[in-house]
Ligand code: NDP
Ligand code: MG
């Protein structure tokens, strides 16, 4: 029986993780969980799974909820609450499915506590990849990818020596606006941007897919997870989202992982690795029904966020921290109707250009740069 800690239980990845736990009650049990502000769903979840620990975001919600949870569930809140959930003594594995760089401190706490980490929360790897991976090595902790592309690469690598790899090839669906030119992006609405053709995901990552920042963040995520230079990471547009990513070896052999687009498959694999269990979904890939798979070369001028991400990644240091923080705030402002779609790119570019990089930042420096960048974006938007 594996005891699971789950950060972000009420989110898209969080609820799908609970689906996987529900499917295999003989193998998995939920030990601890965190939520943000969705208290109603959180209450349903704790009454179903009866975890030992629940963390909510604010003290107000803590006060509201404390008398409504089962006797066995202790309630905590705030950043310390996230860390407590991540390090729950009985838990074997942390699924980090929280949104944004708030995931950094609980990830580091879990590493120090020796927990295996199934990581969906890519912002944590983007903002402080060198610290997270160094700490994971130091404490001999595995970081298992949940993101479908990285799970695909992890599976295609199958423990092979990364030195025998020539390139990682990430596939990108292209998001909601893949058929539009840059000119046609002027004035697009939040609702249009939220309409992803292949995947059903949280709001922020759906917008990131439309700007293609998601793929940019994933390039940086791949760099850290697989310890490979940016020059050896490519992106190809593949609108069907059937090939989830590929590894090209030095002998020219390319190994791909395919499947229907369903996040419960990579989530489950991260929990069962190195084993495989029967999937929660009965849907199987019938290639004859799909017929054609398409691949297109990526145009970095059309999707400028990918260019920003490669550049920030190659400069390194605090540049990816700025990229991520600027993007988190810009996307939140777009979702609130305070910024237009194309302005997302524009304000991120401004934040990157005005930043003086710190080459090997400490955790404190990363936290400071993250906060400064958020403030910078807010001030530009005002
Ligand atoms: P959602 O927005 O659906 O869920 C986010 C979760 O985090 C919710 O439980 C939310 O709580 C919680 N949360 C948000 N902000 C805070 C905060 N400040 N403090 C504490 N909890 C918080 O996101 P997704 O599930 O789509 O994405 C989660 C992560 O997984 C992201 O990093 C994303 O990039 C990554 N990912 C997602 C994929 C997907 O298919 N959705 C695919 C690959 C990666 P509440 O709702 O209760 O407020
Ligand atoms: Mg992905």
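Don't overthink the numbers, they just go from 1 along the chain as shown.
Positions of Cβ are set from backbone N, Cα and C atoms, glycine also.
Because TrEMBL annotations are produced automatically, they should be read as predictions rather than curated entries.
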Name the residue, out of 60, 80, 218, 231, that TrEMBL lists for the same Mn(2+) site as 147, 149, please. 218
Site-mate of 122, 148, 149, 173, 209, 214, 215, 218 for 1-deoxy-D-xylulose 5-phosphate in TrEMBL, selected among 130, 196: 196
For the NADPH site that TrEMBL gives with 10, 11, 12, 13, 36, 37, 38, 121, 123, which of 202, 216, 252, 259 also belongs there? 202
What binding-site residues in the list 10, 12, 36, 38, 123, 147 lie within 10 angstroms of residue 218 (1-deoxy-D-xylulose 5-phosphate binding site), counting C-alpha atoms? 123, 147
Cα separation, residue 123 (NADPH binding site) to residue 149 (1-deoxy-D-xylulose 5-phosphate binding site) (Å, whole number): 15
Chain-internal residues near residue 122 (1-deoxy-D-xylulose 5-phosphate binding site), provided their CB is under 8 angstroms and they sit 6+ positions away: 147, 217, 218, 221
Less than 6 Å between Cβ and the nearest atom of ligand 2 is the rule; apply it to the binding-site residues 38, 147, 149. 147, 149
